[in-house]
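Read through the structure below, which is laid out as structure tokens, and then see the notes.
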């Protein structure tokens, strides 16, 4: 069930959902606007010949901080990681989804590539996967609205929420844009085996 503005306010007032800092003026009919922080993680294309999700590639990205009062320039075709200014904390029976802002989408800015879902139990800054699909550079001003969080109540509390010992929870408590940690639990299936259990041709 998607939470309305009054439901979101009730969850915030009860301390079950938390945004830090929280500005009541960011509340929308069924979401809360979030702002972009001043930190960005750029990809260094000269350190590795390829990107491999199975490998630890610590020098694949580098962290930069936008100077006070200056925007970060996202060039056409460029992909960078950013993060929400707000730290988001969810209980075990509420999940969230990050959606982009329509006005920014109409300028060619994509707020997230795939990872818009936020598990119940998560606490941290939400990493943004920012892409410029326009033909001109886009200025990203730290503190500007970058997206909106929608909240969903689960049919029952998660038995093993994000952050519990049952899961790796690689991004719990993350601060700022956090590079991929896919190598920590990388798995792949032998796809040469058919449904009948015989090796494929």
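Each residue's number is its place along the chain shown, starting with 1.
Quick reminder: no glycine exception, Cβ is built from N, Cα and C everywhere.
What Swiss-Prot records for 129 is active site, proton donor/acceptor, and it gives sequence analysis as the kind of evidence. Residue 129 (active site, proton donor/acceptor) counts 17 other C-beta atoms within 10 Å of its own C-beta, drawing on all protein chains shown.
In the three-state DSSP classification, residue 103 (dCTP binding site) falls within a helix. The number of other CB atoms found within 10 A of the CB of residue 103 (dCTP binding site), across every protein chain shown, is 9. Annotation comment: Swiss-Prot describes 101, 102, 103, 104, 105, 106, 119, 127, 128, 129, 148, 162, 174 as dCTP binding site, evidence class sequence analysis.
Residues or ranges marked as site 'Important for bifunctional activity' in Swiss-Prot (evidence: sequence analysis): 116, 117. Look at residue 117 (site 'Important for bifunctional activity'): DSSP puts it in a strand. Counting every protein chain shown, the number of other Cβ atoms lying within 10 Å of the Cβ of residue 117 (site 'Important for bifunctional activity') is 12.
Residue 103 (dCTP binding site) sits 17 Å from residue 129 (active site, proton donor/acceptor), counting Cα to Cα. Counting Cβ atoms from all protein chains shown, residue 116 (site 'Important for bifunctional activity') has 18 others lying within 10 Å of its own Cβ.
Looking at the residues that bind dCTP per the record, 101, 102, 103, 104, 105, 106, 119, 127, 128, 129, 148, 162, 174, the two CA atoms farthest apart are separated by 33 Å.
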